[in-house]
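Chemist: Here you go, one structure.
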(Lines of atoms letter the chains of each structure in order from A; the text may use other names.)
(Lines give C-alpha, C1' and ligand atoms only; values in the text may rest on other atoms or scores of the structure.)
Protein backbone atom coordinates (compact mmCIF):
# COMPACT_ATOMS: atom_id res chain seq x y z
CA UNK A 1 0.00 0.00 0.00
CA UNK A 2 1.33 3.41 -0.98
CA UNK A 3 2.07 5.83 1.83
CA UNK A 4 -0.57 8.59 2.09
CA UNK A 5 0.59 12.04 1.06
CA UNK A 6 0.03 15.68 1.98
CA UNK A 7 -0.54 18.21 -0.81
CA UNK A 8 1.94 21.03 -0.29
CA UNK A 9 1.17 24.64 -1.15
CA UNK A 10 3.82 24.32 -3.86
CA UNK A 11 1.59 21.80 -5.63
CA UNK A 12 3.72 18.74 -4.87
CA UNK A 13 2.70 15.71 -2.81
CA UNK A 14 4.77 14.87 0.27
CA UNK A 15 4.60 11.41 1.89
CA UNK A 16 3.01 11.48 5.33
CA UNK A 17 5.67 9.10 6.68
CA UNK A 18 9.35 9.32 5.90
CA UNK A 19 12.69 8.00 7.10
CA UNK A 20 14.74 10.40 9.23
CA UNK A 21 18.51 10.36 8.80
CA UNK A 22 19.54 12.14 12.01
CA UNK A 23 22.06 10.02 13.94
CA UNK A 24 22.17 7.31 11.27
CA UNK A 25 25.76 6.04 11.31
CA UNK A 26 27.86 6.61 8.21
CA UNK A 27 28.94 2.98 8.01
CA UNK A 28 25.33 1.72 7.88
CA UNK A 29 23.54 4.66 6.25
CA UNK A 30 23.67 3.47 2.64
CA UNK A 31 22.31 0.05 3.57
CA UNK A 32 19.62 1.52 5.83
CA UNK A 33 18.38 3.85 3.10
CA UNK A 34 18.39 1.01 0.60
CA UNK A 35 16.47 -1.30 2.94
CA UNK A 36 14.02 1.48 3.78
CA UNK A 37 13.29 1.97 0.09
CA UNK A 38 12.69 -1.77 -0.27
CA UNK A 39 10.33 -1.59 2.72
CA UNK A 40 8.29 1.12 0.99
CA UNK A 41 9.73 4.40 2.25
CA UNK A 42 9.84 7.19 -0.30
CA UNK A 43 10.67 10.28 1.78
CA UNK A 44 14.16 10.64 3.22
CA UNK A 45 14.85 13.52 5.58
CA UNK A 46 18.50 14.54 5.52
CA UNK A 47 20.63 17.55 6.40
CA UNK A 48 24.12 18.95 6.07
CA UNK A 49 24.53 18.70 9.82
CA UNK A 50 23.83 14.96 9.87
CA UNK A 51 27.07 14.32 8.00
CA UNK A 52 25.75 11.29 6.09
CA UNK A 53 24.32 12.67 2.86
CA UNK A 54 26.95 11.01 0.67
CA UNK A 55 26.09 7.62 2.14
CA UNK A 56 22.35 8.29 1.92
CA UNK A 57 22.81 9.10 -1.74
CA UNK A 58 24.65 5.83 -2.24
CA UNK A 59 21.67 3.94 -0.87
CA UNK A 60 19.35 5.84 -3.19
CA UNK A 61 21.60 5.22 -6.20
CA UNK A 62 21.70 1.49 -5.49
CA UNK A 63 17.91 1.26 -5.28
CA UNK A 64 17.49 3.21 -8.51
CA UNK A 65 20.13 1.14 -10.31
CA UNK A 66 18.38 -2.08 -9.29
CA UNK A 67 15.05 -0.78 -10.57
CA UNK A 68 13.38 -0.78 -7.15
CA UNK A 69 12.40 2.85 -7.46
CA UNK A 70 12.69 5.81 -9.83
CA UNK A 71 14.09 9.17 -8.74
CA UNK A 72 10.74 10.86 -9.38
CA UNK A 73 9.09 8.44 -6.96
CA UNK A 74 11.31 9.60 -4.11
CA UNK A 75 10.92 12.71 -1.98
CA UNK A 76 14.37 13.81 -0.85
CA UNK A 77 14.65 16.45 1.85
CA UNK A 78 17.74 18.33 2.94
CA UNK A 79 18.45 21.38 5.07
CA UNK A 80 20.45 24.58 4.96
CA UNK A 81 22.83 24.71 7.91
CA UNK A 82 23.24 27.85 10.02
CA UNK A 83 26.74 28.59 8.72
CA UNK A 84 25.44 29.16 5.18
CA UNK A 85 22.70 31.75 5.74
CA UNK A 86 24.51 34.58 3.95
CA UNK A 87 22.70 35.19 0.68
CA UNK A 88 25.68 34.34 -1.52
CA UNK A 89 26.37 31.08 0.34
CA UNK A 90 22.95 29.43 -0.01
CA UNK A 91 23.11 28.26 -3.62
CA UNK A 92 26.71 26.97 -3.50
CA UNK A 93 26.05 24.83 -0.43
CA UNK A 94 22.78 23.54 -1.86
CA UNK A 95 24.65 22.48 -4.99
CA UNK A 96 27.27 20.72 -2.85
CA UNK A 97 24.54 18.85 -0.99
CA UNK A 98 22.87 17.86 -4.24
CA UNK A 99 26.21 16.49 -5.43
CA UNK A 100 26.60 14.60 -2.16
CA UNK A 101 23.20 13.00 -2.68
CA UNK A 102 23.90 12.42 -6.37
CA UNK A 103 20.64 14.07 -7.45
CA UNK A 104 19.73 17.10 -9.57
CA UNK A 105 17.11 18.61 -7.27
CA UNK A 106 15.74 18.40 -3.76
CA UNK A 107 12.04 17.83 -3.37
CA UNK A 108 12.24 19.98 -0.26
CA UNK A 109 15.05 22.18 1.07
CA UNK A 110 14.62 23.56 4.57
CA UNK A 111 16.20 26.31 6.67
CA UNK A 112 17.36 24.13 9.57
CA UNK A 113 17.37 26.73 12.37
CA UNK A 114 16.38 30.41 12.48
CA UNK A 115 19.89 31.53 13.36
CA UNK A 116 22.72 32.71 11.11
CA UNK A 117 26.23 31.72 12.15
CA UNK A 118 29.61 32.75 10.81
CA UNK A 119 30.49 31.10 7.50
CA UNK A 120 32.79 28.10 7.54
CA UNK A 121 34.30 27.04 4.21
CA UNK A 122 33.30 23.40 3.53
CA UNK A 123 36.92 22.78 2.51
CA UNK A 124 37.96 23.65 6.06
CA UNK A 125 35.38 21.63 7.99
CA UNK A 126 32.18 19.95 6.87
CA UNK A 127 29.71 19.71 8.38
CA UNK A 128 30.77 22.78 10.37
CA UNK A 129 28.61 22.28 13.45
CA UNK A 130 27.60 25.15 15.69
CA UNK A 131 31.02 26.64 16.39
CA UNK A 132 32.93 28.35 13.57
CA UNK A 133 36.22 27.74 15.36
CA UNK A 134 35.25 24.27 16.50
CA UNK A 135 35.94 25.17 20.12
CA UNK A 136 32.38 25.63 21.34
CA UNK A 137 32.36 29.40 20.87
CA UNK A 138 29.50 30.93 18.91
CA UNK A 139 30.00 33.59 16.22
CA UNK A 140 26.99 34.99 14.43
CA UNK A 141 26.54 36.19 10.87
CA UNK A 142 24.69 39.42 10.08
CA UNK A 143 22.40 37.67 7.59
CA UNK A 144 18.71 38.26 8.23
CA UNK A 145 16.08 35.60 7.68
CA UNK A 146 14.78 37.74 4.82
CA UNK A 147 18.18 37.67 3.11
CA UNK A 148 18.38 33.91 3.55
CA UNK A 149 14.83 33.33 2.36
CA UNK A 150 15.35 35.41 -0.77
CA UNK A 151 18.28 33.15 -1.63
CA UNK A 152 16.14 30.09 -0.88
CA UNK A 153 13.53 31.35 -3.35
CA UNK A 154 16.22 31.50 -6.01
CA UNK A 155 16.74 27.76 -5.54
CA UNK A 156 13.13 27.24 -6.61
CA UNK A 157 13.59 29.56 -9.59
CA UNK A 158 16.63 27.54 -10.69
CA UNK A 159 14.84 24.23 -10.08
CA UNK A 160 17.39 23.13 -7.51
CA UNK A 161 14.55 22.71 -5.01
CA UNK A 162 10.92 22.02 -5.83
CA UNK A 163 9.70 23.24 -2.46
CA UNK A 164 11.33 25.20 0.35
CA UNK A 165 10.48 25.25 4.03
CA UNK A 166 11.63 26.07 7.53
CA UNK A 167 12.40 24.21 10.73
CA UNK A 168 12.41 25.21 14.39
CA UNK A 169 10.60 28.47 13.61
CA UNK A 170 8.16 30.05 16.05
CA UNK A 171 4.76 31.40 15.05
CA UNK A 172 6.16 34.92 15.31
CA UNK A 173 8.96 34.15 12.86
CA UNK A 174 6.47 32.54 10.48
CA UNK A 175 4.25 35.61 10.65
CA UNK A 176 7.20 37.81 9.75
CA UNK A 177 8.39 35.50 6.97
CA UNK A 178 4.95 35.44 5.36
CA UNK A 179 4.96 39.23 5.12
CA UNK A 180 7.75 39.25 2.53
CA UNK A 181 7.96 35.70 1.12
CA UNK A 182 7.58 35.54 -2.65
CA UNK A 183 7.59 31.74 -2.36
CA UNK A 184 5.70 30.68 0.74
CA UNK A 185 7.27 28.05 2.98
CA UNK A 186 5.72 24.70 2.07
CA UNK A 187 6.51 23.02 5.37
CA UNK A 188 7.39 23.67 8.99
CA UNK A 189 9.42 20.98 10.71
CA UNK A 190 9.33 21.07 14.51
CA UNK A 191 9.94 18.92 17.55
CA UNK A 192 6.52 17.45 18.21
CA UNK A 193 5.59 14.65 20.60
CA UNK A 194 3.20 14.24 23.56
CA UNK A 195 5.60 15.99 25.93
CA UNK A 196 5.84 18.99 23.54
CA UNK A 197 2.69 19.43 21.46
CA UNK A 198 2.97 23.14 20.51
CA UNK A 199 -0.74 23.27 19.58
CA UNK A 200 -0.93 26.97 18.72
CA UNK A 201 2.09 26.80 16.43
CA UNK A 202 0.71 23.72 14.65
CA UNK A 203 -2.71 25.33 14.28
CA UNK A 204 -1.27 28.56 12.90
CA UNK A 205 0.95 26.82 10.36
CA UNK A 206 -1.83 24.57 9.11
CA UNK A 207 -4.21 27.53 8.91
CA UNK A 208 -1.67 29.28 6.69
CA UNK A 209 -1.44 26.24 4.41
CA UNK A 210 1.98 25.22 5.69
CA UNK A 211 2.34 21.47 6.21
CA UNK A 212 3.77 20.43 9.57
CA UNK A 213 6.36 17.68 9.96
CA UNK A 214 7.14 16.29 13.41
CA UNK A 215 10.62 15.23 14.36
CA UNK A 216 11.50 13.29 17.52
CA UNK A 217 8.03 11.72 17.55
CA UNK A 218 9.16 9.32 20.27
CA UNK A 219 10.14 12.12 22.64
CA UNK A 220 13.24 11.50 24.77
CA UNK A 221 14.27 8.26 23.02
CA UNK A 222 16.61 9.85 20.47
CA UNK A 223 18.28 12.04 23.07
CA UNK A 224 19.21 9.45 25.69
CA UNK A 225 22.51 8.53 24.06
CA UNK A 226 23.35 12.24 23.85
CA UNK A 227 22.87 12.41 27.62
CA UNK A 228 20.53 15.38 27.35
CA UNK A 229 19.40 15.89 30.99
CA UNK A 230 15.74 16.38 30.13
CA UNK A 231 15.70 13.04 28.34
CA UNK A 232 17.17 11.04 31.19
CA UNK A 233 14.84 12.49 33.82
CA UNK A 234 11.49 11.74 32.18
CA UNK A 235 9.50 8.55 31.64
CA UNK A 236 10.03 7.12 28.13
CA UNK A 237 6.86 7.54 26.06
CA UNK A 238 6.99 3.88 25.02
CA UNK A 239 6.58 2.98 28.70
CA UNK A 240 3.95 5.57 29.60
CA UNK A 241 0.71 4.00 30.85
CA UNK A 242 -1.46 6.19 28.61
CA UNK A 243 0.44 5.24 25.46
CA UNK A 244 0.72 1.57 26.42
CA UNK A 245 -2.99 1.24 27.18
CA UNK A 246 -3.96 2.73 23.82
CA UNK A 247 -1.48 0.46 22.06
CA UNK A 248 -2.85 -2.62 23.82
CA UNK A 249 -6.41 -1.69 22.93
CA UNK A 250 -5.62 -1.39 19.22
CA UNK A 251 -3.14 -4.25 19.03
CA UNK A 252 -0.40 -1.85 17.97
CA UNK A 253 3.02 -0.94 19.28
CA UNK A 254 3.57 2.23 21.33
CA UNK A 255 5.62 3.56 18.40
CA UNK A 256 2.71 3.08 16.01
CA UNK A 257 0.36 4.85 18.42
CA UNK A 258 2.71 7.83 18.75
CA UNK A 259 3.06 8.09 14.98
CA UNK A 260 -0.68 7.73 14.39
CA UNK A 261 -1.33 10.41 17.01
CA UNK A 262 0.48 12.78 14.64
CA UNK A 263 -0.53 11.50 11.23
CA UNK A 264 -4.23 11.32 12.11
CA UNK A 265 -4.03 15.07 12.74
CA UNK A 266 -2.38 15.69 9.38
CA UNK A 267 1.16 15.97 10.74
CA UNK A 268 3.91 14.17 8.82
CA UNK A 269 6.46 12.05 10.69
CA UNK A 270 10.05 10.98 9.99
CA UNK A 271 10.97 8.07 12.29
CA UNK A 272 13.91 5.78 11.66
CA UNK A 273 14.75 2.20 12.50
CA UNK A 274 17.28 -0.41 11.44
CA UNK A 275 14.89 -3.19 12.43
CA UNK A 276 13.02 -4.58 9.37
CA UNK A 277 9.87 -5.30 11.38
CA UNK A 278 9.74 -1.83 12.91
CA UNK A 279 10.52 -0.28 9.52
CA UNK A 280 7.32 -1.79 8.16
CA UNK A 281 5.31 -1.07 11.30
CA UNK A 282 6.19 2.62 11.18
CA UNK A 283 4.64 2.87 7.72
CA UNK A 284 1.27 1.61 8.95
CA UNK A 285 -0.53 4.91 9.36
CA UNK A 286 -3.83 4.07 7.68
CA UNK A 287 -6.52 1.47 8.11
CA UNK A 288 -6.97 2.23 11.79
CA UNK A 289 -7.74 5.32 13.82
CA UNK A 290 -7.40 6.49 17.37
CA UNK A 291 -10.54 7.62 19.10
CA UNK A 292 -10.74 11.34 19.78
CA UNK A 293 -10.66 10.63 23.50
CA UNK A 294 -7.38 8.74 22.99
CA UNK A 295 -5.87 11.58 20.99
CA UNK A 296 -6.93 13.97 23.74
CA UNK A 297 -5.46 11.74 26.47
CA UNK A 298 -2.12 11.52 24.68
CA UNK A 299 -2.12 15.27 23.99
CA UNK A 300 -2.77 15.90 27.69
CA UNK A 301 0.72 14.57 28.45
CA UNK A 302 2.09 17.90 27.18
CA UNK A 303 4.43 19.58 29.66
CA UNK A 304 6.27 21.83 27.21
CA UNK A 305 9.39 19.68 27.45
CA UNK A 306 11.81 20.36 24.60
CA UNK A 307 14.79 18.08 24.03
CA UNK A 308 16.37 19.54 20.88
CA UNK A 309 17.79 22.81 22.18
CA UNK A 310 21.28 24.10 21.30
CA UNK A 311 21.79 25.11 24.91
CA UNK A 312 21.32 21.45 25.85
CA UNK A 313 24.39 20.70 23.72
CA UNK A 314 26.43 23.38 25.45
CA UNK A 315 25.92 25.96 22.69
CA UNK A 316 24.58 29.29 23.92
CA UNK A 317 22.12 30.02 21.13
CA UNK A 318 18.87 30.87 22.99
CA UNK A 319 16.43 30.49 20.10
CA UNK A 320 13.72 28.74 22.12
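Here, residue 1 is simply the first one shown, and the rest follow in order.
Glycine is treated like the rest: Cβ placed from N, Cα and C.
Pulled from Swiss-Prot, these are the listed features:
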- 50: active site, proton donor (ACT_SITE)
- 112: substrate binding site (BINDING)
- 167-168, 216-225, 272-282: NAD(+) binding site (BINDING)
- 79: site 'Lowers pKa of active site Tyr' (SITE)
Chemist: Under a three-state reduction of DSSP output, how is residue 281 (NAD(+) binding site) classified: helix, strand, or coil?
Modeler: helix
Chemist: Would you mind listing, in sequence order, the residues at least six apart from residue 50 (active site, proton donor) in the same chain with a Cβ closer than 8 Å to its Cβ?
Modeler: 21, 22, 23, 24, 127
Chemist: Looking only at 167, 217, the binding-site residues on record, which one has the least crowded Cβ, with the fewest other Cβ atoms within 10 Å?
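Modeler: Minimum Cβ neighbour count within 10 Å, taken over the binding-site residues 167, 217, occurs at 167.
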Chemist: Using DSSP with the three-state reduction, classify residue 50 (active site, proton donor) as helix, strand or coil.
Modeler: helix
Chemist: Once the DSSP letters are reduced so that anything not helix or strand counts as coil, what is residue 112 (substrate binding site)?
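Modeler: Note: residue 112 (substrate binding site) is coil by DSSP, not helix or strand.
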Chemist: Just checking the recorded positions 79, 220, 223, 275, 281: which sit within 10 A of the residue listed as 'substrate binding site', CA to CA?
Modeler: 79
Chemist: Which one of the binding-site residues (275, 281) has its C-beta surrounded by the most other C-beta atoms within 10 angstroms?
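Modeler: Of the binding-site residues 275, 281, the most buried by Cβ count within 10 Å is 281.
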Chemist: Cβ neighbours within 10 Å, counted over all protein chains: which one of the recorded positions 79, 112, 220, 272, 278 has the most?
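Modeler: Counting every other Cβ within 10 Å of each candidate, the maximum falls on 79.
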Chemist: Give the three-state DSSP assignment (helix, strand or coil) for residue 79 (site 'Lowers pKa of active site Tyr').
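Modeler: DSSP call for residue 79 (site 'Lowers pKa of active site Tyr'): strand.
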Chemist: Give the number of CB atoms, excluding that of residue 223 (NAD(+) binding site) itself, located within 10 Å of its CB.
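Modeler: Taking all protein chains shown, residue 223 (NAD(+) binding site) has 20 Cβ neighbours within 10 Å.
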Chemist: How big is the gap, in Å, between the Cα of residue 220 (NAD(+) binding site) and that of residue 79 (site 'Lowers pKa of active site Tyr'), rounded to a whole number?
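Modeler: For residue 220 (NAD(+) binding site) versus residue 79 (site 'Lowers pKa of active site Tyr'), the Cα atoms are 23 Å apart.
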